[in-house]
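Below is one structure; the comments refer to it alone.
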Amino acid sequence: MNKMLKFFLALLAFVLLVLVRLFEENLFYDPLLSFFKTDHTTEALPDLETGKLLLHTFFRYVINGVLSIFILWILFQKKGAVKFSIVLYSILFVSLFIVFFILLKSSQPGEHLALFYVRRFLIQPLLLLLLLPAFYVQRLNKSL
């Protein structure tokens, strides 16, 4: 694949990730978005439809995950890196989703820090920010 096409496809995927973030309130049901923008340190969680929230969190994770893995494929074009990423994304999703559900159900007023960060890992493409430099360093080390 030539460099211009790789650049364009990676840029397109990054733009799509940004658009998911920009339009998150329109695309996904997540009353926690506005809740965490307030002074939530003493408040109880807002009323929410747990099933709908979990479903939309799942959709958002899948969208971000697919775009992230696509970016990794475009930039590194290594089948092993893609397989590793898919396995890692899957394991982290199952683990974090279970923790997210437990934290939602057991949340006490003012004790939302763990929920905030677990949710952040589920709805933001943070894993991409860890894998990009890791695969880049691995590629550099193999060429030494």
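Heads up, the Cβ atoms here are built off N, Cα and C, so glycines get one too.
Below 8 angstroms of C-beta separation, residues 1, 6, 9-10, 13-14, 16-17, 20, 24, 27-28, 81-82, 85-86, 89, 93, 97, 122-125, 127-128, 131-132, 135 of the same chain, each at least six residues beyond the ends of the transmembrane segment (58-75), sit close to that stretch. Here TrEMBL flags 58-75 (among others) as transmembrane segment.
The transmembrane segment annotation in TrEMBL covers 87-104 (among others).
Look at TrEMBL and you will find 116-137 (among others) tagged as transmembrane segment.
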Quick test of the contact rule: Cβ under 8 Å, at least six residues beyond the ends. What residues does that give for the transmembrane segment (116-137)?
17, 21, 24, 28, 30, 32, 36, 57, 60-61, 64-65, 67-68, 71-72, 75-76, 78, 81, 85, 88-89, 92-93, 96-97, 99-100, 103
Sequence-remote contacts (6 or more beyond its ends) of the transmembrane segment (87-104), Cβ cut-off under 8 Å?
45, 50, 53-54, 57-58, 61, 65, 68-69, 114-115, 118-119, 121-122, 127, 131
